[in-house]
Structures are given as structure tokens and as C-alpha cells.
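Some features that Swiss-Prot has for this protein:
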BINDING   THR229, ALA230, GLU231, GLU283, SER383  L-serine binding site
BINDING   ARG260, ARG261, GLU262, GLU347, ILE348, SER349, SER350  ATP binding site
Amino acid sequence: MLDMKFIRENIDETERRLATRGESCTLGGFRELDQKRLALLKESEALKALRNSVSDEIARIKDKSQAQDKILQMREVSQKIKGMDDELKQVDEALQGILLTVPNLPDPATPVGKSENDNVEIRKWGTPGSYGFTPKPHWEIGEELGILDFECGAKLTGARFTLSRGAGARMERALISFMLDLHTASHGYLEVLPPFMVNRDSMTGTGQLPKFEEDLFKMTDPEYFLIPTAEVPVTNIHRGEILKKSDLPIRYAAYTPCFRREAGSYGKDTRGLIRQHQFNKVELVKFSHPSQSAEELEKLTADAEKVLQLLELPYRVMALCSADIGFSAARTYDLEVWLPGQNCYREISSCSCFGDFQARRANIRFREEEKSKPEFVHTLNGSGLAVGRTLVAILENYQQEDGSVVIPQALRPYMGGLERIQ
């Protein structure tokens with residue numbers, strides 16, 4: 001959530017920066033309500049000052065019968081004040097409602113652009129392999145090896161669900177353990193295992209609600225939401241808390257399944273594992289001092305890259321432009337892995353800095369000094385990595401002409417020494 005004071009003092013700049021997202025986001029409603037709020041505050045404070053002054057006069061009158069007119073007058077004033085306070089509460093709630101639907105301001109370092117075509121390539125790692133045959137897409141490889149069963153997934157549930165079998169299921173489990181071991185042992189993250197369902201406050205804190213409710217799976221009695229990413233429960237671990245400056249940055253790594261309705265994705269990636277309603281992911285979440293969040297984003301991105309490097313999967317790092325960053329993000333790097341079976345790079349991780357946007361919504365703060373006023377932390381998160389898409393990348397990059405798939409060296413200890421799926 002944006003700072004109301006900042007918007008009030010910089011409303012034209014705020015609208016200009018929001019416009020770079022490519023959305024129609026005018027703050028006329030905010031401006032009108034904010035002016036009404038300030039007028040109500042001014043009038044209410046004037047009446048409260050009058051009430052205090054007259055109350056002092058009444059206290060000095062010994063014969064209270066001579067103060068009846070003033071007492072009656074102050075009762076009327078008190079009623080007016082109560083009415084104004086009630087109206088002010090309604091205006092504050094309306095302003096809060098507006099702010100909850102306004103996206104974050106792009107960071108000055110975010111490239112300005114109109115679509116994903118304006119994203120900027122930062123670097124590449126590895127060289128796509130050359131094959132003496134036409135590489136197959138992962139869904140063909142998985143079905144031929146009997147490790148991915150899309151038909152059974154559809155029978156059990158519906159479209160965009162998959163059953164993994166044998167070495168396919170084992171590789172998912174191996175990748176989760178490999179990623180968590182790397183991030184906890186080498187990168188300094190604390191592993192947590194959060195609930196896979198959260199309440200409305202948690203979804204609001206990270207920015208999924210109120211704007212993106214149609215993208216979520218939810219229960220109605222009680223009202224819980226299946227998480228679209230571990231970012232939601234892990235960021236909300238510290239909701240409503242004041243953290244110690246000495247504890248920053250706080251780093252968490254979490255494996256969870258993720259659940260997304262994929263509203264608006266009809267017809268996209270209908271085959272394979274790229275776009276599923278349920279998928280596994282290892283998430284990295286950080287709480288940072290504001291002065292260090294830019295540096296922490298670079299470290300977070302490097303931590304996610306390390307997974308791809310150890311698995312020897314070619315990838316590139318893209319800086320997302322202002323029109324392509326997520327609702328809550330101020331700055332984002334996407335890691336895109338090379339998929340020879342599809343002859344393109346596809347996103348496998350998104351690493352973002354949110355500034356104080358989520359912290360303001362979730363009220364996560366720290367103190368610069370022991371007795372100083374609390375300030376909002378900066379939050380960051382990124383996939384480290386999307387497990388299903390990593391499996392996709394392994395199947396396509398390590399496929400052999402005979403239809404088998406070689407297991408990456410780094411993953412073999414987690415696969416019981418298995419060197420090849422055939």
C-alpha cells in the first residue's frame with residue numbers, strides 16, 4: 001500500500017509513475033475523499049477546541065443553574081462531533097479501500113516500457129545445447145517415459161492437473177530437497193513450513209486481495225484461501241510486528257504446493273507442466289532494512305540463479321519493465337530457462353523487491369534506534385525455484401536421442417545415485 005501522506009503531497013507524480021504501468025489509474029477519487037477528510041478534521045478539531053473552552057467556563061461557574069444554556073449548547077456540539085467522527089471513520093475506510101486497489105510505484109531503476117517486449121536482458125549464463133536430433137517438448141518426453149500422466153491428472157481432477165509417477169515423482173521430491181539444502185546450508189535462509197491455507201488478512205497483506213480474488217481458490221465456511229505462493233504465509237509471519245534492526249535481514253526458505261485458478265489464461269500453455277492449477281515451489285522471502293533492499297534483491301536473484309547453475313541449465317536474467325511488474329512489486333528480475341523442446345526461454349523464477357508496499361499493508365516495522373519511532377521494513381521474495389518448471393527444463397535439456405533423460409550430476413545424490421531415466 002502506498003503512503004497516504006506521500007500521495008497527498010505528490011499526487012501528480014504518483015499518477016505519472018502509475019501510468020508507466022500501462023494501467024488507467026487516476027487518483028481523482030482519492031483526491032476528493034482526502035479533501036473531504038481534511039475538511040472534516042478541521043471542523044471537528046475546531047468544535048473540540050470550542051467544547052474544551054466552554055467546558056472550562058462551565059467549571060468556573062459556581063451556580064450551575066446559570067450554566068444551563070452553555071451545558072445544552074455543549075451537548076449539541078458533542079453530538080455534532082460524534083457525527084463528524086463517524087463520518088470521518090467512513091471516509092478513512094473509503095480511502096483505505098482505494099489505497100488497497102492501487103498498485104505499487106515502479107522503482108526508478110525499473111525500465112519504463114509498454115509490454116513484456118520492453119523487458120531488458122541483463123545477462124545470460126550457459127549455452128543452449130546442440131542436438132543431432134529434433135528436441136522434444138517435455139510433455140512428450142514425460143509421457144513416453146511413463147513419468148508424467150496428464151490424462152490421469154485430468155481424470156482425477158480436471159484440466160491443468162498432472163499425476164507424476166516413478167522417477168518423475170522422485171525427481172520432484174529430489175528437487176525440493178536439493179533446493180532447500182542449498183538455500184539453508186549455503187545461502188543463510190531459515191527453512192519454514194507454513195500452512196497451505198491462509199485467512200483474508202494474510203492475502204490482503206501481500207497484495208493478492210482485494211484486487212485478485214478471482215485468481216484464488218477459497219473455502220467459504222470458514223473463509224480460507226489456498227495459497228498461490230508461499231510468499232503469502234511467509235511474509236505474514238511478521239504481520240503486525242516490530243522487528244529488531246539487529247535481526248535484519250531476515251531470510252526464510254519454504255517449500256509449499258501452490259494453487260492458482262489461472263483466470264484469464266484460457267488457451268495458454270494448455271499442454272505440459274508450464275501452467276498448472278497446482279504446482280510445487282520453493283520460495284525465498286526476505287525482510288530488509290530499507291537502505292539495503294536493492295543489494296538484497298541482487299543477492300536474492302543470485303541465490304535463485306545458483307540452482308540453475310548447479311543443474312547446468314542455460315538461462316537469462318531479465319529486468320521487467322514498468323508495464324510487466326506485478327501489482328505489489330517495485331522492481332523485478334525474471335530468470336528464464338532455455339527449453340530446447342519449445343525453442344525459447346521460459347520464466348522459472350521471479351525475484352522482486354516490494355519496498356515498503358507489503359510492509360505497510362501488513363504493518364511490519366522495525367526501530368532504527370531502541371526508542372525511535374517504528375519504520376516500515378522492505379520485503380523481497382523470489383522463486384528458488386518453481387519445481388515443476390525445473391523438472392521441465394531438465395527433461396528438455398538433458399534428453400537423449402534414444403528417449404532417455406540424463407540426471408544432472410548435482411541431483412544424483414538426491415535420486416539414490418540414479419544417472420538416467422529410461
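Glycine too: its Cβ is placed from the backbone N, Cα and C atoms.
With all protein chains in the displayed structure included, the most crowded Cβ environment within 10 Å among the binding-site residues GLU231, GLU347 is that of GLU231. Taking a C-beta cut-off of under 8 angstroms and a sequence separation of 6 or more, SER350 (ATP binding site) has the following same-chain neighbours: GLY326, THR332, TYR333, ASP334, LEU335, GLY382, SER383. On its own chain, GLU283 (L-serine binding site) has THR229, ALA230, GLU231, VAL234, ALA253, ALA254, TYR255, THR256, ASN381, GLY382, SER383, GLY384 as residues at least 6 apart in sequence with a Cβ closer than 8 Å to its own Cβ. Maximum C-alpha to C-alpha distance over the listed ATP-binding residues ARG260, ARG261, GLU262, GLU347, ILE348, SER349, SER350 is 19 Å. For the recorded site, GLU283 (L-serine binding site), the DSSP three-state label reads strand.
Comment: L-serine site residues THR229, ALA230, GLU231, GLU283, SER383; largest CA to CA distance 9 Å, whole number.
For THR229 (L-serine binding site), the Cβ neighbour count at a 10 Å cut-off comes to 22, with all displayed protein chains included.
The L-serine site is defined by THR229, ALA230, GLU231, GLU283, SER383, and by the 8 Å test on Cβ atoms against their centroid, the other residues of the chain that qualify are VAL232, VAL234, ALA254, THR256, CYS258, LYS281, VAL282, LEU284, VAL285, ASN381, GLY382. The secondary structure of ALA230 (L-serine binding site), as reduced to three states from DSSP, is coil rather than helix or strand. Annotation for ARG261 (ATP binding site): spatial neighbours GLU214, ASP215, LEU216, PHE217, HIS277, criterion Cβ-Cβ under 8 Å with sequence separation of six or more.
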